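Novice: Following this message is one structure expressed as structure tokens.
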Amino acid sequence: MKHSVLAGLFATGALAQGGAWQQCGGVGFSGSTSCVSGYTCVYLNDWYSQCQPQPTTLRTTTTPGATSTTRSAPAATSTTPAKGKFKWFGINQSCAEFGKGEYPGLWGKHFTFPSTSSIQTHINDGFNMFRVAFSMERLAPNQLNAAFDANYLRNLTETVNFITGKGKYAMLDPHNFGRYYERIITDKAAFASFFTKLATHFASNPLVVFDTNNEYHDMDQQLVFDLNQAAIDAIRAAGATSQYIMVEGNSWTGAWTWNVTNNNLAALRDPENKLVYQMHQYLDSDGSGTSTACVSTQVGLQRVIGATNWLRQNGKVGLLGEFAGGANSVCQQAIEGMLTHLQENSDVWTGALWWAGGPWWGDYIYSFEPPSGIGYTYYNSLLKKYVP
């Protein structure tokens, strides 16, 4: 989820030119449609164009507000779907990463940890994976390769152990957007050191899943590849060989742009062959997940078909690690269509996770926190249809 980072991204829209990898077009976009020198505005879909390096083989926009010049339509259906059940279906747990910029912050004031009673409620309903967001700055204060903070690690471990002690999967989500103290992570050795310590701590728990980072964005594409590979290598070298690893892509790891933005990630290698490509998808006009309005009843299906084809063509499997929609009939139909498509293609889609639960979400438009979260009260009965 973009959180306040999204606001910062849109705030740059009034600049004269879009920076490297930033948005430069799309329905409802009001920022600059030109890019800095060496980059060109590339059409990805009707809602999102991005400043990408030249030369490029992708189709580009020509004038501000214009549609792309030679855009081909996405495939209407994927090939050879395989119906079945999901391996994982669950809920994001978001609260330990709250209090952005308040580091280390105070537990109970700036951040908290998930409610085990709420997680138990979800487990009782059949959900079997929980993606636990946390802050790298709190776990490794001041330096990315620093020793872990004992108190924060203990609280994180207690949450993980509660989930896995019930026989369910706990995904460790460094919710940092490829950044550390607001700066893009470029020190691959320090990044690897972080994952060496994290994997060493959890290596004996086979129900732990490692996520390399939440929603890389506006970054050099090769750097995104290198950070993912560094995390994979560090996790395996630390002895965590039985666990799955989730890799994420650039452009907020969006499913709707994956096949044209993150194609190089197909070359990632895991000696244990347990990589899962995690994508996120929201259904509002700009895909940001900040509105209760969905574009149409078909938008969910439309936005994941390209990713389905990419996974199958490259022999990969994926997880929709974040999705949500407003509490209304249009979004409900869009979500149901999207989830049904993923389930019908369960040879390449391992599952999906709603964004988000957590005790501090209050009246947030997608809150899945029992008993009264808006998303929970509106969507729980629907989502239970898809649990493994």
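Quick reminder: no glycine exception, Cβ is built from N, Cα and C everywhere.
Quick caveat, the model's predicted, so the values are computed rather than measured.
Pulled the feature table from Swiss-Prot, pasting it below:
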- 1-16: signal peptide (SIGNAL)
- 17-52: domain 'CBM1' (DOMAIN)
- Cys24-Cys41: disulfide bond (DISULFID)
- Cys35-Cys51: disulfide bond (DISULFID)
- 56-81: region 'Disordered' (REGION)
- 92-388: region 'Catalytic' (REGION)
- Asn92: N-linked glycosylation site (CARBOHYD)
- Asn155: N-linked glycosylation site (CARBOHYD)
- Glu215: active site, proton donor (ACT_SITE)
- Asn259: N-linked glycosylation site (CARBOHYD)
- Glu322: active site, nucleophile (ACT_SITE)
Novice: Rounded to the nearest angstrom, how far is the Cα of Asn259 (N-linked glycosylation site) from the Cα of the residue listed as 'active site, proton donor'?
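Specialist: The residue listed as 'active site, proton donor' and Asn259 (N-linked glycosylation site) have their Cα atoms 16 Å apart.
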Novice: Going by Cα-Cα distance, which of the recorded positions (Cys24, Cys35, Cys41, Cys51, Asn92) sits nearest to Asn155 (N-linked glycosylation site)?
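Specialist: Smallest Cα separation from Asn155 (N-linked glycosylation site) among Cys24, Cys35, Cys41, Cys51, Asn92: Asn92.
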Novice: So which of the active-site residues is most packed in, judged by how many other Cβ atoms lie within 10 Å of its Cβ, out of Glu215, Glu322?
Specialist: Glu322
Novice: Just to verify a number: CA distance, Cys51 (disulfide bond) to Cys24 (disulfide bond), in angstrom, no decimals.
Specialist: 6
Novice: Please tell me which one of the recorded positions listed here (Cys35, Asn92, Asn259, Glu322) sits closest to Cys41 (disulfide bond), measuring Cα to Cα?
Specialist: Cys35
Novice: Check the Cα distances from Cys24 (disulfide bond) to each of the recorded positions Cys35, Asn259, Glu322 and keep only the ones within 10 Å.
Specialist: Cys35
Novice: Quick check: of the recorded positions listed here (Cys35, Asn92, Glu322), which one has the Cα closest to that of Asn259 (N-linked glycosylation site)?
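Specialist: For Asn259 (N-linked glycosylation site), the spatially nearest of the recorded positions is Glu322.
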Novice: In whole Å, how far is the residue listed as 'active site, nucleophile' from Asn92 (N-linked glycosylation site) when you measure between their Cα atoms?
Specialist: 7
Novice: At the Cα level, what's the spacing in Å between Glu322 (active site, nucleophile) and Cys35 (disulfide bond), rounded?
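Specialist: Approximately 29 Å lies between the Cα of Glu322 (active site, nucleophile) and that of Cys35 (disulfide bond).
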Novice: Could you tally the C-beta atoms, other than its own, that fall within 10 angstroms of the C-beta of Asn92 (N-linked glycosylation site)?
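Specialist: The Cβ of Asn92 (N-linked glycosylation site) has 28 Cβ neighbours within 10 Å.
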Novice: Please report the number of other Cβ atoms within 10 Å of the Cβ of Cys35 (disulfide bond).
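Specialist: Other Cβ atoms within 10 Å of Cys35 (disulfide bond): 24.
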Novice: What does DSSP assign Asn92 (N-linked glycosylation site), in three states?
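Specialist: Looking at the DSSP assignment, Asn92 (N-linked glycosylation site) belongs to a strand.
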